[in-house]
Structure formats: C-alpha cells, structure tokens
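Following: one structure in structure tokens, then a few remarks.
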Protein chains: 2
Amino acid sequence: MHFALISKVLGLLLVVFSFTMMPPVAVSYFYQDGSEGPFLASFVISLLLGLMLWLPFFRHRAELQTRDGFLVVTLFWSVLGVIGGLPFLISADTPVGFTDAVFESVSGLTTTGASVLSGLDTLPKSILYYRQQLQWFGGMGVIVLAVAILPMLGIGGMQLYKAEIPGPMKDAKLTPRIAETAKALWYLYLFITVACASAYWLAGMTLFDAVTHSFSTVATGGFSTHDQSMGYWDSAAIDWITTVFIIIGGTNFALHFAAIRGLSPLTFVRDPEFRFYIGMVFLYILLVTLGLLAFNVFQGADETLRHAAFQVASFSTGTGYTSTNAAAWPGFVPFLLVFTSFLGASAGSTGGGMKSVRGALVFHHSIRELRRLIYPNGAFALRFGRHTVNDRVLQAVWGFVGVYITIAVVFTLLFTVTGLDLATAVSCVAASLNNLGVGIGGVASGFADISPAAKWMMTLLMLLGRLEIFTLLVLFTPLFWKQ
Amino acid sequence: MHFALISKVLGLLLVVFSFTMMPPVAVSYFYQDGSEGPFLASFVISLLLGLMLWLPFFRHRAELQTRDGFLVVTLFWSVLGVIGGLPFLISADTPVGFTDAVFESVSGLTTTGASVLSGLDTLPKSILYYRQQLQWFGGMGVIVLAVAILPMLGIGGMQLYKAEIPGPMKDAKLTPRIAETAKALWYLYLFITVACASAYWLAGMTLFDAVTHSFSTVATGGFSTHDQSMGYWDSAAIDWITTVFIIIGGTNFALHFAAIRGLSPLTFVRDPEFRFYIGMVFLYILLVTLGLLAFNVFQGADETLRHAAFQVASFSTGTGYTSTNAAAWPGFVPFLLVFTSFLGASAGSTGGGMKSVRGALVFHHSIRELRRLIYPNGAFALRFGRHTVNDRVLQAVWGFVGVYITIAVVFTLLFTVTGLDLATAVSCVAASLNNLGVGIGGVASGFADISPAAKWMMTLLMLLGRLEIFTLLVLFTPLFWKQ
Ligand SMILES: [K+]
Ligand SMILES: [K+]
C-alpha cells in the first residue's frame, strides 16, 4: 500500500472539495440569508485538513496501483461524507447532531437523497443550494467511479465494460486515464444538467429551483428544496421533464458518450443493457398503471400515466423524487415500486441498485441453465449484445448479486431489530443500499425519526451501495493488507 | 418424449398410490369413526384411473430417458396431489372445495404442511391419519427425488452428488438404478421413523399420536393431529425429541446411509454441507435465544433454549411445527425464523428451502471473488470438502439461486396484489416455496382465509419448491418439446 501517495491524493481531493463551499457562500450573499458562516468555517477546516494530508507528500512521485484504488475510493466517499456534513453540524438552521449531519451529507454525495431534515421550504437558500450541490458533485464522482474505476478494479463483473471506457487511453497509466475519462464525462454531465435546468425553467420553475433540481435530477439524487418534492408544482410538464431526465441519468454515460460521438440514437437501441433497462421501465409502468386504474386512484388516464411513469422512473433508477404521495398508493403498488429499486438503473449511470446489466446477465444465464438441462452436453455460449460473456465476468456478477442480496436480507433483519416493522425495514434497505432515498411505511415522510443505530446502518449501506459493496468489503479481508 | 412409457409409469404409480387409501380405511374401522367411505371411493377412483393409464401400454418395453424424467417427476407430484385430495373433497367431515382439497393434499405430499383445515382435534382419526401418511409417503418420494433423481437430472448443481448416490449402480439403467437407491433409502427412512415413534411414545404420546407425528417429523412435514401442534403436550422431552429428529430429517439421507454403512459418526463432521447446515442452526439458535432473553419471553434459560432450539430447527429445516405461539414472539424473531427457511435444510433431505450446500457454495464463491479482486491473475479453485467444484456445477447453483430468489420476490408482490400485507406475503412465499408450511402475520393461524388465487399460487409454489423449480420450469420451454 502506498500510504504516502494515498495521503497525497486524499489531501488534494479535500483541498478541491473545500472550494465547493464557496458557491453556497455566494448564494448566501446573493439571497442575503445570513447563512454564509457555516460554509466559510467548513471551507477553512476542509482546506486545512487537505493541506495537512497533502503537503508532507506533495513531492511524492509514484503511480497509484489498482489495489490502492479500493482504499482511495472508499476513503474519498467516507471522508468527504464526514467533511460534507460540517455545514449541517455548524449551522443553527439545521439543528442536527453528528449522526444526522453525516447521514445527510453521505446521502447527498452518494446521490441517495434520503433526508433527516424537514421544513425544507423555510431553510436558508444557501443550505438548500448546498444539499443539491452535494448531489451534483456526488453524481460527478459516481459517473467516474462507475464508468472508469469499477471496470478497472473489476468490481462485480464491470470489467465487461473495460474496453468501452471513453477517452484516448487503453494502455495509459491509472491516474491520467481516469483524468481523461473524467473530463470527457463531465462535459457531457454539464451539458445534460444545463439542458435539464433550461427545461425546468421554461416549464415554470424559478431559476433557483430549476438549477438546483437539475442538479439532483441528472445525479438521480432526489433531494429537493421543497418538502413536497416535485409534487410542489403539481405540473404535468415538470413531471414529464423529470421523468425523461431521470431516465437519461439512469443510462450508462459511456453510452451517451458513444451516441453523441457517433451522432446515432441507434447506439442506445443496439445496447443490450439499455434495451433491458428500458424494457423493465415500460413493464413497471404498465403494472403500476394497471394497479392505479384498478384502485381508481386518479381521475383520468392522463394523470394516471403521468404519475405512474414518474414514480416508476423515480424508484427504478433510484432517484427518489415524488410527484404525489406514492407511499400511500393502495395495495401492492408501493411495494412494487420499492422492489424495482433493487434491480435499479444502468451500470455507468448515476443511478442505484444492482444495475440492469447484472439483471440481464442473470436472466440470460438462467435461460442457459434451462437449456443445459435439456441438452446436458450442448455448448451454450452466453451472448450479450456483440460480446460473448466469459465465465470470469459471470462469476463476478453472481458473486456481486449473491452478496448484495445477502446484505439486503441481513440488514432488513437488523432494521427489524431496531424496532421497525418488516415493510419499513425493507424500505430502509432499499432507500440506502439501492441509493433510492425515498421510503414507504414508517419512513414515508423521511428518516428523522428512526433510531441512531438505524441511521448509521443506513449510512453504511449508502456507501456500500455506491461503492458496489466489494470496493469496501475487500478492505476487510486480511489478504488485502498483506504485502 | 415417450408418452406411452410415461403413461405406463404414471398409471403404475397411481395403482400403487391407490393402495395407500387402505391404511386409513383400517384406521377408520379400528377407531369406529365411520369415515371409511371417502377412502374406499378414492381407492376405486385412483385404481381405475391408474389402470386406464397403465393397461394400454403395459407391454411397452422402453427405457425412460433423462429428459422424460422431468415430465414424470412433475406429473407424479401434480397428479398425486390432485388425486390425494379426493378424500378431503368427498368426506363430509372436511367441508372443503376443490381448491382447498388440492391445497391440503399437495401440502401433504410435498411435505409442506400448510393447512386450510382447523378444529383438527375433533376430526375423525382416519382423516388425521391420512394427512400424516400423505406427508410420510411424500417424504419417501422427496428423498428419492433429492438423493437420486435431481442429481441425475442435474438440477441446480445437484450433479455434485452424482457420484455419491447410494446403491450398487453407477452405470446401470435409469429405472433399476432409481429402484435400488430407493430401496436402500426407504429402509433407512423406515428405521428412523420407528426410532422417532418409539421416542415419542416413551415421552408420553399415545401410540396413535406417536406414530402419526413420527410420520410428519422425519418427513419434516409439520402436519399435526392437534391445532396446537407440538404445543399440545407442552413437554420438554417431546420438544427436544422433535428438535433432534427434525434435524436428522433435514440432513442428507445419502450421508446417513454412508455414516451407517461406515459405522462412523465422523462422516457427518467431514461433510462440508453438514458443517454449514449445523453451523447455521447453532447461529440461528444463538440469535433467537438472545432475542427471547432480551424481550423476556420465557421465565428460565431452560425454557428459552428449548423453544429457541425447537423453533429454529422447525423453521430452518422447513418443518413448520410449533412448540409455542412463535408467530407472536416479539420484534425481529419471527422474521428471522421465516428467513431461515429460505436457506433451508440439506440437499438430499426431506427439508425445504434453497438447501445448505448451495448457501455454502455461494458463500465460498463470494469469498473467492473478494480474493480475485486483490489478485486478479491468481488461480483460485473452489474447494468444497474433498472436491474441487467445477464451474459448470457452480453456474447451475447460481442459476438456481437466482431464479429461486426472483420467484420469491415476484410472488411476494403477487401475494400483496391479492390484498395481503408485506409480512404476510413474505410468509406465504416462505411457507410454500420453502415447503415450510407455517406462517406469521395474517396467516399465523393457518391458510384457510386467504383468497383462492393466493391458495393456487401457494399450491404452485409448493410444487416449484419441491421440484427445485427447474424440473417444472423446463417443461415450459419450447426446446423441451422439440424432437
Ligand atoms: K437517489
Ligand atoms: K414442512
């Protein structure tokens, strides 16, 4: 392990992160909300901490190795998670302790969007802005993690995408490769954010709301500046814009990149994961629409379809916005919505869950097993799009899915130990592990009232989900620390 | 497909099965309960039906092929399931319709033990005997299925056990092989049943109760002749006897066979699945005991441990007896119990669930994936006891686990569509798919009150669980029916 190098990298990240406290200061001055103090304090703390980690080693020249990657990525998210909580902890407008401050910050950065705050509409603009910005920067980190880093680390079969990492790198070294890829992806991310903000603004949001909600939309984050989330506007236009941009955010950004470079929308149609992802979204919309019609929840077909599409997009990508009180929808519908988040969005997106590509591979694999029962001596290669999936990738996918489900079940039980009923416990797991952020049952109106133990479990699960479990889990093996 | 041959085999099975209606007739005469009519009628119907299927083809000489096996096994359980329901349908003492009659019968034969009947204590002895006998014969079928047939068909990785099928066969033909294996296993099964019945009788049960409960104990079936199940006696001796024999029933019968032949109890210790199975049972007992102590459910440590061990054994093997009102235990404990049934008992046992061997392989595989992240170029063979598990077996295991969990989730949602809450829906899935038979929440006191749709779904899931899903699923692929 190159601890000197890791300290340097982490220090540098903290120095960069400290400057993200400045836009909220600007917002505070602009709206004269008198709330710049906590951000300035956090800026100083973060900057000093970063320099302390960086300065002793700034002359250090070594290449990060793949194995260092696990530690850097985990530290990146957990340290920024704690530091990002400082403004909440310091500000008198958010009367939260350490547990809640870290929960809110990690929830923001991992683009989870679960909140322990309420009365959002009366909070200072700067704090509202800061929460949204946490998600936006978190989304930037997620994309680079998901498109470039996880495939390189080989997490959960993501080496499948190794050849498709955008940017001119292939055999370059780790750091410049990631830097090149990141730059390409962030331009794209910025472009989509601007498009989304413009659409919101044209549909009637204030500029502040348009920008801040575009942040949490493309990040599939789900934070809002209103307690009612998107339901605040009750606007068909805004709901449909959100639905579309959520689905864009839940799509592999490497695919967006390829489609734009090739100027071909057919790129999407040709991608087997995208087909599976969109296919499942349409299937869910159909089922939820039928459910809503059966229970006569809305007056017309228009409104039914609008809310069904919105909530399906929101839950299945792990965004967590609400256009209406979906947790109170009758019968099976809320359960279905929660369960869609386990499969989740596409790999390489800002979305959550196990990812569609893994679902698709598991599905194809199971079909192959059926075939093998009939022809035990047949050779059935597993085709996925243009690729033949090798056994190694498949085993990594299965290992991931197995551990993911095991963690989901074990934590569901642990949440019931803290006193929650089963539906609420499942909802807490989905909200955190799938980076969904929204709950049903006992946590339908937020996570402020669950026990501190449950909050820390959720914080851990948010990180586990975002780091696709193995990045973090591998640190707990003795083998990792052996020279 | 050899339809003539399949008709012949199925006809023969029905003829044999028809004679299982005679012991209840004898019981009816012995106890003078006036309830012999339904059994005599069922005997005649079953015999005639069997002859109709058998006679046209009785001169037919051909060997059953592996592929025919899927169809024969599925027909065996589903046809006997329907026919076995005749006595319930005909008898005036069990006022049930077709749905409930088939539910009860399939529940018996698959050793599930979920019941739609109540007021058991007042039912005629012959009907009570018949239900218990359904489970015992079901258990005989399950053992042969699990030890001999599933490994031959290669279901869910069970080809792992192909070399360990007891009996002098290896390269013999399918039918005589299965017949030899069955004979060896049934002697063993009978021996354990007699031992269990004797223990019950010595512990204070009447001879009738001792025999009938030994039937449902070694079959890990869970039917009882009392509404209170084993709680009827409230006897520590009976509870511990049950716990021990349930665990025996949940152990691989090929392992029992090997241990007895080698006169070595070490055989169990050397078996990696047995170690995993027993290890999990002890872990669950520890957790449940801690839960019961934390909530102060019982007075003393003795009673706490006794009920904890009983209920863990009952749920984790998929037996479904109750020694006390465990569904009303506080907090997380009932959820934990229900979840233990998903992993379930050992392969080659009468128990239910996904089976410990698959859990153990999934666990070892996940550990290997973690190692691979650290040493991407290392070669890590998957060792399981003395064997190296090949990729083909592992893929079959994963395919099985994936489909199993998918079916569990989809049916949980379908049960909520029928109006059940989430905990009850999960409980219905566990009770049926894991062949557990007992429920919590809305089905804690039986399954009489759920909707007919839910009952048919449970009936399907009982069969799916017992046939380890793929046996049945494969029949729905076009490939299977292609010549
Ligand atoms: K989210
Ligand atoms: K059972």
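Cβ atoms are placed via backbone N, Cα and C, with glycine included.
These features come from TrEMBL:
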TRANSMEM  B:38-58  transmembrane segment
TRANSMEM  B:70-90  transmembrane segment
TRANSMEM  B:136-163  transmembrane segment
TRANSMEM  B:184-203  transmembrane segment
TRANSMEM  B:240-264  transmembrane segment
TRANSMEM  B:276-298  transmembrane segment
TRANSMEM  B:327-348  transmembrane segment
TRANSMEM  B:393-416  transmembrane segment
TRANSMEM  B:422-448  transmembrane segment
TRANSMEM  B:460-481  transmembrane segment
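The stretch with the most CB contacts under 8 Å to the transmembrane segment (B:327-348), chosen from B:136-163, B:184-203, B:276-298, B:460-481, is B:276-298.
A contact between the transmembrane segment (B:240-264) and the transmembrane segment (B:136-163) is present, since 3 or more of their C-beta pairs, 6 or more residues apart, lie under 8 Å. Same-chain neighbours of the transmembrane segment (B:184-203): 136, 139-140, 143-144, 147-148, 166-167, 209-211, 213-215, 217-218, 235, 237-238, 241, 245, 248-249, 253-254, 256-257, 260, counting only residues six or more beyond its ends whose CB sits under 8 Å from a CB of the stretch. Tertiary proximity for the transmembrane segment (B:460-481) is limited to same-chain residues at least six positions away from its ends with a CB under 8 Å from its CB atoms, namely 1, 67, 70-71, 73-74, 77-78, 81, 106-107, 110-112, 114, 142, 145, 150, 153, 155-156, 158, 352-353, 399-400, 403-404, 407, 411, 429, 432-435. Listed stretches B:38-58, B:276-298, B:393-416 were compared with the transmembrane segment (B:136-163); the greatest number of C-beta pairs under 8 angstroms is found for B:393-416. Beyond its flanks by at least six residues, the transmembrane segment (B:276-298) meets 247, 250-251, 304-305, 307-309, 311-313, 316, 329-333, 336-337, 340, 343, 345-346, 356-357, 359-360, 363 of its own chain at Cβ-Cβ distances under 8 Å.
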